[in-house]
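A.B. asks: This structure is in structure tokens; I'll ask about it shortly.
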Amino acid sequence: MVSTATKIGTFDFDNCLMNAAGVYCMTREELADIDASAAGSFVTKTGTLNARAGNPEPRYVDTSLGSINSMGLPNHGFQYYLDFVTELQNTPNSKNHFLSLVGMSEEETHTILKAVQDSDYQGLVELNLSCPNVPGKPQIAYDFETTEKLLKDIFAYFTKPLGVKLPPYFDIAHFDRAAAVFNQFPLAFVNCINSIGNGLVIEDETVVIKPKHGFGGIGGDYIKPTALANVHAFYQRLNPTIPIIGTGGVKTGRDAFEHILCGASMVQLGTVLHQEGPAVFERITNELKAIMTEKGYESLDDFRGKLQYLD
Ligand code: RRO
């Protein structure tokens with residue numbers, strides 16, 4: 001029997017496919033729809049200390065090759081998502097879930113994580129170090145010193161399973177530097193990649209989204225090669241105890257297969273989930289299983305990280 005089951009640390013998942021944070025995860029109703037689908041898990045919209053309305057609309061647009069967004073972190077506040085994942089965790093046969101979080105300042109991030117530490121939630125936490133769309137706030141993970149200090153401060157009190165959502169890096173020196181930072185900490189996972197920040201899409205003579213004069217995070221087909229490179233670069237560099245979640249440009253079983261070949265233990269769907277809805281999980285799972293069957297692979301372990309080189 002071909003299986004797409006996977007593990008992140010001690011957490012088991014029947015399927016390696018799930019949503020990417022930001023897509024189909026703003027409300028309990030959307031999250032419940034993902035939970036009821038063929039997805040192996042869900043991650044919540046990144047929750048901040050207080051609820052946020054986000055940036056003015058239009059703030060998300062699909063294009064023929066993907067998407068651009070500048071949502072600006074709209075969310076119901078972290079407690080809304082913490083309550084929901086805690087409620088589900090206490091339901092018999094519940095899937096395991098990911099709670100995505102970040103503060104609007106370091107202090108807020110600590111306030112949120114201390115509340116999670118003191119809560120009954122026992123699941124996975126994803127710290128979003130890579131939101132590209134809040135005016136005046138650079139992506140945290142592009143500043144290695146700030147990132148190192150933040151993680152050091154967090155792991156001084158936080159003992160629950162915590163991973164990080166990373167922006168794409170584009171230089172080998174940055175892969176080396178970033179991995180040297182992340183290898184110092186007992187991370188539950190790293191997730192590569194968030195959208196490619198601050199792209200620009202134009203129709204006729206005008207930008208297509210309103211915030212930041214049209215600048216926004218790019219997803220979909222445009223970003224698959226960058227996502228694969230980041231997954232594989234971290235697979236080559238991180239301690240083998242840190243699993244990798246692959247996100248970016250997945251719209252077919254073949255794309256998911258490539259992420260796993262590069263080293264991903266779990267694969268997230270963003271733009272394609274926005275375009276097709278939760279039924280996409282069944283389609284892509286079936287496509288991935290068909291490829292595995294054709295190649296004689298029974299589990300992800302049979303090919304994870306086994307990308308072949310030309311020398
Ligand atoms: O809400 C957003 O604008 C957003 C976030 Br927090 C993120 O991490 N990535 C993204 O593309 N958009």
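Note that Cβ sites are derived from N, Cα and C of the backbone, with glycine treated the same way.
Unlike curated entries, TrEMBL annotations are predicted automatically.
In case it helps, TrEMBL gives these features for our protein:
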ACT_SITE  Cys131  active site, nucleophile
BINDING   Lys45, Asn69, Ser70, Met71, Gly72, Leu73, Asn128, Asn194, Ser195  substrate binding site
BINDING   Lys45, Thr46, Asn128, Lys165, Ile193, Gly220, Gly248, Gly249, Gly270, Thr271  FMN binding site
DOMAIN    5-292  domain 'Dihydroorotate dehydrogenase catalytic'
A.B. asks: So which of the binding-site residues Gly72, Ile193, Ser195, Gly248 sit close to ligand 1, that is, with a CB under 6 Å from an atom of it?
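C.D. replies: Cβ < 6 Å from ligand 1, in sequence order: Gly72, Ser195.
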A.B. asks: Starting from the Cβ centroid of Lys45, Asn69, Ser70, Met71, Gly72, Leu73, Asn128, Asn194, Ser195, the recorded substrate site, name every other residue in that chain with its Cβ within 8 Å, sequence order please.
C.D. replies: Gly22, Thr46, Cys131, Pro132, Asn133, Gly217
A.B. asks: Fill in the CA-CA distance, Asn128 (substrate binding site) to Ile193 (FMN binding site), as an integer in Å.
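C.D. replies: About 11 Å separate the Cα atoms of these two residues.
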A.B. asks: Least buried of the binding-site residues Gly72, Gly248, Gly270, going by other Cβ atoms within 10 Å?
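C.D. replies: Taking Gly72, Gly248, Gly270 as the binding-site residues, the minimal 10 Å Cβ count falls on Gly72.
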A.B. asks: Looking only at Cβ atoms, how many others are within 10 Å of the one on Ser195 (substrate binding site)?
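C.D. replies: Summing over all protein chains shown, Ser195 (substrate binding site) has 30 other Cβ atoms within 10 Å.
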A.B. asks: Please give me the recorded positions out of Lys45, Ser70, Gly72, Cys131, Ser195 that lie within 10 Å of Gly248 (FMN binding site), comparing Cα atoms only.
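C.D. replies: Near Gly248 (FMN binding site), where near means Cα within 10 Å, the recorded positions are Ser195.
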A.B. asks: For the domain 'Dihydroorotate dehydrogenase catalytic' (5-292), what's the model's average pLDDT?
C.D. replies: 98
A.B. asks: DSSP three-state call for Asn128 (substrate binding site): helix, strand or coil?
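C.D. replies: Note: Asn128 (substrate binding site) is in a strand by DSSP.
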A.B. asks: What's the longest C-alpha separation between any two of Lys45, Thr46, Asn128, Lys165, Ile193, Gly220, Gly248, Gly249, Gly270, Thr271, the listed FMN-binding residues, in angstrom?
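C.D. replies: Roughly 20 Å, rounded to the nearest whole number.
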A.B. asks: Counting every protein chain present, what is the number of Cβ atoms, excluding its own, within 10 Å of the Cβ of Asn128 (substrate binding site)?
C.D. replies: 27
A.B. asks: What recorded positions in the list Cys131, Ile193, Gly270 lie within 10 angstroms of Gly72 (substrate binding site), counting C-alpha atoms?
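C.D. replies: Of Cys131, Ile193, Gly270, within range: Cys131.
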A.B. asks: How big is the gap, in Å, between the Cα of Ser70 (substrate binding site) and that of Gly270 (FMN binding site), rounded to a whole number?
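C.D. replies: Here the two Cα atoms are 14 Å apart.
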